[in-house]
Amino acid sequence: MTDIVWHQHSIDQAARGAQKSQNPVLLWFTGLSGAGKSTLAGALERALFDAGFHTYLLDGDNVRHGLCKDLGFSLSDRDENLRRVGEVAKLMVDAGLVVLSAFISPTRAERDRVRALFPEGRFIEVHVSTPLSVCEARDPKGLYVKARSGEIKEFTGISSPYEAPTAAELTIDTSRGDLATQVQAMLAYLTAIEVIDANKLSALA
């Protein structure tokens with residue numbers, strides 16, 4: 001038995017979203033290191049922000065400077081990292097925001113656990129499916145070189161598995177096409193499911 005109960009607010013998620021002329025959701029970008037998750041999420045956020053939508057981007061590196069700075073990279077710490085991010089994202093969605101997150105999140109169980117925090121339609125999984133060979137060739141942080149040499153243990157895609165989504169709402173391979181086209185495809189999807197109003201995008205154009 002616990003004395004902790006939910007405090008019901010007079011203003012709900014729908015009201016907060018309506019005030020901002022948007023339907024709040026979480027877009028969860030998942031994929032290998034170097035796949036282009038942060039680039040895609042950042043470009044989409046910029047397009048949404050410029051059109052007048054209310055957004056926030058949670059990035060895998062950034063949260064480790066504060067929210068998760070006490071965590072390492074063991075399997076249990078990585079799991080806790082994503083648990084915290086999922087809970088923070090839920091609060092932000094409840095606040096009426098369109099939230100974007102960019103995390104490798106290598107297992108289906110981790111991603112499904114975050115999905116379970118949200119009502120149907122409020123969690124959008126974006127699989128950034130860029131092939132390992134392309135990600136390794138990019139290697140923007142030099143992590144693949146360290147993983148191949150054994151300097152980094154349990155590195156996703158090399159010495160630790162990545163479980164690709166089986167039913168992602170969106171799949172984007174950043175080695176095909178250009179960033180602007182990919183952003184437009186994501187905006188079209190968000191418009192189709194009525195997360196955002198096409199009229200606001202038209203006004204921006």
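Note that Cβ sites are derived from N, Cα and C of the backbone, with glycine treated the same way.
Keep in mind that this is a model prediction, so the values were computed, not measured.
The active site, phosphoserine intermediate annotation in Swiss-Prot covers Ser105. The ATP binding site annotation in Swiss-Prot covers Gly31, Leu32, Ser33, Gly34, Ala35, Gly36, Lys37, Ser38.
Least packed by the Cβ count within 10 Å, out of the recorded positions Ser33, Ser38, Ser105, is Ser38. The Cβ of Leu32 has fewer other Cβ atoms within 10 Å than any other of the binding-site residues Leu32, Ala35. Within its own chain, Gly34 (ATP binding site) has Thr130, Val134, Cys135, Glu136, Arg138, Asp139, Pro140, Lys141, Leu143, Tyr144 as residues 6 or more apart in sequence whose C-beta sits under 8 angstroms from its own. Same-chain neighbours of the ATP site beyond Gly31, Leu32, Ser33, Gly34, Ala35, Gly36, Lys37, Ser38, judged by a C-beta within 8 angstroms of the site's C-beta center, are, in sequence order, Ala102, Ile104, Val128, Thr130, Cys135, Thr174. Just so you know, the Cβ of Gly36 (ATP binding site) picks up 26 other Cβ atoms within 10 Å once every protein chain is counted. In sequence order, Phe29, Thr30, Gly31, Gly60, Ala102, Phe103, Ile104, Val128 constitute the residues six or more apart from Lys37 (ATP binding site) in its chain with CB-CB distances below 8 Å.
For the residue listed as 'active site, phosphoserine intermediate', the binding-site residues whose C-alpha atoms fall inside a 10 Å radius of its own C-alpha are Leu32, out of Leu32, Ala35, Ser38.
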